[in-house]
Amino acid sequence: MPELPEVETVRRGLEPVMEGARIIHVEQRRADLRFPFPAGFSEHVKGCRIEALGRRAKYLLLHLENGRVLVSHLGMSGSFRIEESGSDKLRGDFHYARSKAEKHDHVVFHLARHEGGSARVIYNDPRRFGFMLLLDSADLEAHPLFAGLGVEPTGNALDGALLARLLAGKRAPLKAALMDQRLVAGLGNIYVCEALWRAGLSPRRIAATIATREGKSTGRSERLAGAIRTVIAEAIAAGGSSLKDYVQADGSLGYFQHSFSVYDREGKPCRKEGCSGTIQRFVQGGRSTFYCPICQR
C-alpha cells in the first residue's frame, strides 16, 4: 500500500498539471471502487477550478472552487497518470501508457489548464481498494476519516517532546504504537521499520519506555523523532518506494527502496557500521517487521 511519501510524491507530480486547471468533464467508468462514488459525482465537479492540491496522512485532497474537497485514497494499487493534449505520452520521462492496464482506468479527468492547453489525468486501480469522496471543506476536519488523525511526521511538528507525550503510558509494542494513525498520521510499515533501525530501537520495545514516567522526552524519543522525520523526507526526495503496484504520476518509479536498511532484507547483514547482526523478520500485527536484534534494543 502506498505510504505517506508515495502519496506526497503523487501530489507533487499532479500539482503542476491540476492546480489552477478547470475540470471540463469526468469519465466515471464504473459505479464504485472500494466504496460507491458519491451520487452525482461527475456533475458536482464538472466545471470547477482546482484551487489547490493538498494531502493529509495518506489522503490526496483536491480543493475545488465550489467549496468542496475531492478526497482520494490510493488503496493497495491505485495510481494516477497524466497525458498531455495531442499525445499518448506521459509527461515527465515520456513513459507510454501501458495498454494492458487500460481496463483498470476507472476515472478520467479532462482538464483545461490555466496556462492554455489541455490534459487528462487518469486514475487506474486494478484491485479497486482505493476510493473517492466529495466533502464540504468546512466539514473536512470533522469527518470520521480525518477527525482522529494525529500529527504529521513531516517538518518540525513531530519532535522528541511531542513523541514522548504521545507514547507515555502506552503498553503496546513501539512499532504498533507508531502505526496508530491517531498518534502519528501517515506512518506505515516500511518507514516505521526504517526509522526504528536508524534510532536503534527494537520494534518489540514497550512504547512508553522511550519517555519518562512523566511523559518527558528522553534521548530515545529525540533519536526516534529525528529518524522518522529524516526517513520520510529522504523517501519523498527519492520519489517514494516502488514496491509492487506503486508508480509516480509521470509513470516513473520511486527509488527509496534502494536505500532500505532493514525492510525486505531478511537474512542480510546489518548495514550499521560496526554491527555484526543479521536482519530478521517476524510478523507483528499481521505485517512483516524487519529489524536487527543486535543494534536495535
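Cβ atoms are placed via backbone N, Cα and C, with glycine included.
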Checklist entry - For the DNA site that Swiss-Prot assigns to Arg127, Lys170, which of His73, His104, His110 is also named? => result His104
Checklist entry - Max Cα-Cα distance in Å among His104, Arg127, Lys170, the residues listed as binding DNA? => result 42
Checklist entry - Which residue, out of the binding-site residues His104, Arg127, Lys170, shows the minimum number of other Cβ atoms inside 10 Å of its Cβ in this structure? => result Arg127
Checklist outcome for this item: Spacing of the two Cα atoms, Lys58 (active site, proton donor) and His104 (DNA binding site), in whole angstrom, works out to 21
Item to check | Candidates Pro2, Glu3, Arg287 (active-site residues) - the one closest to Arg127 (DNA binding site) by CA | outcome: Pro2
Item to check | the zinc finger (261-297) - residue tally per DSSP class, helix then strand then coil | outcome: 0 helix, 12 strand, 25 coil
